[in-house]
Amino acid sequence: MAQQTTLQEFNSVYPKLEEALLDHARSYKLPQEQLDWYKRSLEVNPLGGKCNRGMSVPDSVSLLLEKPLTEEQYFQAATLGWMTELLQAFFLVSDDIMDSSITRRGQPCWYRQEGVGMIAINDAFMLESAIYTLLKKYFRSHPAYFDLIESFHETTFQTELGQLCDLLTAPEDNVNLDNFSLEKYSFIVIYKTAYYSFYLPVALALHQLNLATPSNLKQAEDILIPLGEYFQIQDDYLDNFGKPEHIGKIGTDIKDNKCSWLVNQALAVATPEQRKILEENYGRKDDEKEKVVKKLYDDLNLEQRYLDYEEKVVGQIRERIANIDENDGLKKTVFEAFLAKIYKRSK
């Protein structure tokens, strides 16, 4: 019987990994002041999140094996999970600089913390390098070592492609709704979010257990990429229609000129008059203009459009899960667990 990991259990692995990373830096005789800086970055940036991506690795390994993990299996899976969290930290530190963000996880963004500034760019590079330090230390003799390295490299590049498309499509200081399209939106969410948040953790679990056949990876991708797209569309929906006390933040997609699912849906069905309203009010840092856009979303019945989309896409995902070929060790339960976590979520 598979066993779900807890955040406490997952967190308990991190100090050993942090020490391994600091030891690696010490091997180059890094001066103490810089070592302390690296330690602080490793304790601020990867920690403090929900760790959903990271915990998906041990959860998936346990579901694939259909039993609780041994200590060694758990350590390996959690280590791979922490590598996805380091990847996420690398992206977030960089994104926050690019977006001029103010806070992250309830604290000032890393680049806004005292004395950090643009040194954060180098810190982001070091967080990425940490992945490969840990891979070499703990997986050098693993049969899938090469595939694990390639998985991280490829997923990193895919995410950077999504980020590039996002930055060029929706700059905060230049509102041009002609840039937006559902095709661009789909590219952004698939590459910027779905690959590293949904596909990568399961691919890592399959590699850990030497079950990463081309067929298994393809089946996983065919389910997890649409699932990741659904997750992001849900996020966009909650940004406008969710309750701030549920989602833990006040939605800012309208003011931030985000190429979101809702604005693309609005553009697809708006009359010329309604489009003019969008062009005059979208992407402006103004409460009244935001209210005008929100009212337009209501007038266009976007909430119902989302609910119809949700039922359709979840039906398609369930059908794909039901058709999974389990002969090479893949398990339907892995995907059912992902879907159960996000279907009808309110935060």
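Cβ atoms here come from the backbone N, Cα and C positions, even for glycine.
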Let me know which member of Q34, Q88, Q113 Swiss-Prot also records as binding isopentenyl diphosphate at the site of K50, R53, R105.
-> Q88
Three-class DSSP assignment, R104 (dimethylallyl diphosphate binding site), comes back as strand
What's the most sparsely packed of the binding-site residues K50, R53, R104, R105, K258, counting other C-beta atoms within 10 A?
-> K50
Around the Cβ of F90 (site 'Important for determining product chain length'), how many other Cβ atoms lie within 10 Å? Please give the count over every shown protein chain.
-> 23
May I ask for the distance between F90 (site 'Important for determining product chain length') and K192 (dimethylallyl diphosphate binding site), taken between their Cα atoms and rounded to an integer number of Å?
-> 13
Would you mind reading off the Cα separation of Q232 (dimethylallyl diphosphate binding site) from R53 (isopentenyl diphosphate binding site), to the nearest angstrom?
-> 14
Determine, for the isopentenyl diphosphate site, the additional residues of the same chain whose CB lies within 8 Å of the mean position of the CB atoms of K50, R53, Q88, R105; present them in sequence order.
-> G49, C51, N52, G54, E85, L92
Which of these binding-site residues is closest to K50 (isopentenyl diphosphate binding site) if you go by CA atoms: D95, R104, K258?
-> R104
